[in-house]
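Feature annotations, courtesy of TrEMBL:
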type: DOMAIN; residues: 2-220; note: domain 'Glutamine amidotransferase type-2'
type: ACT_SITE; residues: 2; note: active site, nucleophile
type: DOMAIN; residues: 288-427; note: domain 'SIS'
type: DOMAIN; residues: 460-605; note: domain 'SIS'
type: ACT_SITE; residues: 610; note: active site, for Fru-6P isomerization activity
Ligand code: M6R
């Protein structure tokens, strides 16, 4: 959480930094602030609430112009979302300004120590201690990068820090441990940011910073060291999308744009996965075939929507490879002492590649000797960096907090991975793999067709805007789809929404059903395991008999559901395992429309942030 920008160059730092913060606001929107170096001093402004409040403040009380600056948009951890707790934080002399993403775990001891030395701390944040420590160290070493290295060695926890000092006015310094920080390399200007979208309008040349590194930026140079000052290895890369990919492009929200982009995102994720000899080639999967052949267990770790993708992947992995597969919430994983060894393949799924729970889970897995493969959407992010291998989804930047296109591409990547395991282990024949890849290649068009028929779903969503509860039911791969539908509604519409395995209904949840309660049911294909289909048709009848208003998502041509559907949403017929790729789409549209009808801001739901970089 929290978005950070730093700039040094020839442009107005304030303009560059505020524009960068706009792109990073999805990371947190509790408060925002900026600091610029100008006229031999440092000027700062910060405001609780969304970035627009800061922009108003900058109109009312303009800051002096300067070409070196930093900025921050916050998701509050230590201290509420107030002006005082907003970043940047300054030392008592007002010469140093620092912004921070993460949590400094030993901040209480540091605060006490600083207070004993006569410092006055004005906020409740952990970050402010860093401003004071930097000021102290700078006064002895006279160099901000060195001061940063000395301070970082004293900090516990997760932090990205970016700082400026009025006595070294041509420099911006950053540090990174466990939270993201990327360098943008321009001509006569350089950038620091939590992700590349903040500077993509200026440069597509980026440098990925490693763990425990300090970077010093001047207009013409980028110097990276470790915390001891030794030169560090870095990876430079070219960002393969441009600024327009991170714009709304005429849509009312990023979420609507990202829902609409799903056919392309699915197609892009499939691109180039088959070689001339017709074999699946997942180039980024660098785990040797022998290791994959010997794996006796797959464990998937992920959070939120990515976890739901993992739940679906389990069905494909077990069916196509016959390897047992567990799926676990990353936030629970390492605390239960999971049984892992060299023969365990761990798959970490993450759109951002920065989710701290997932990162900690994969570190734990590697410590136990397991091999970790990341399924990730963000090039250069921490999770792929720390994994043994990576399979990138090619969804492009996902800005809306609610994950949509990333989910569909995570599914595609997991299906490919399952097939690849089947190929390597010989549990799938080449023609079987091709048949699935052909089906996957058609899915983009199916998603497009679903999107073209969504007006009745939108109308239904608007008509339910005053409801308190919506339930979601599914069986087999439809069960995680139900969970995902409920999660979307919770996070966007702030409604009570729950997903259940339809077979579990009679074990308790059916007690929730009352007159006119909307219940969404994801119906499996009648052409797959027909017994599963028949059972869910019975489940629909059971809830309808108790007054539920049934919203049935069923394949075209599935007539058995018609008598029991108060609202029928048709999706194209797909193979059983692939159905989530089309069945999820109406649920995304439903949640987005219902939230909008309730007056909620869909791109920035309350209390949430896109990248969850704290545990
Ligand atoms: O970046 P990640 O995929 O690791 O994020 C995981 C979850 O935080 C994320 O999917 C979250 O649940 C979304 N807001 C759901 O829409």
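Including glycine, each Cβ sits where the backbone N, Cα and C put it.
Here the active-site residues are 2, 610, and the one whose Cβ sees the fewest other Cβ atoms within 10 Å is 610. Taken as a whole, the domain 'SIS' (460-605) shows an average pLDDT of 96 in this prediction. With DSSP states grouped into helix (H, G, I), strand (E, B) and coil, the domain 'SIS' (460-605) comes out at 73 helix, 29 strand, 44 coil.
Per DSSP, the secondary structure of the domain 'SIS' (288-427) breaks down as 68 helix, 28 strand, 44 coil. Separating the Cα atoms of residue 610 (active site, for Fru-6P isomerization activity) and residue 2 (active site, nucleophile) is a whole-number distance of 9 Å.
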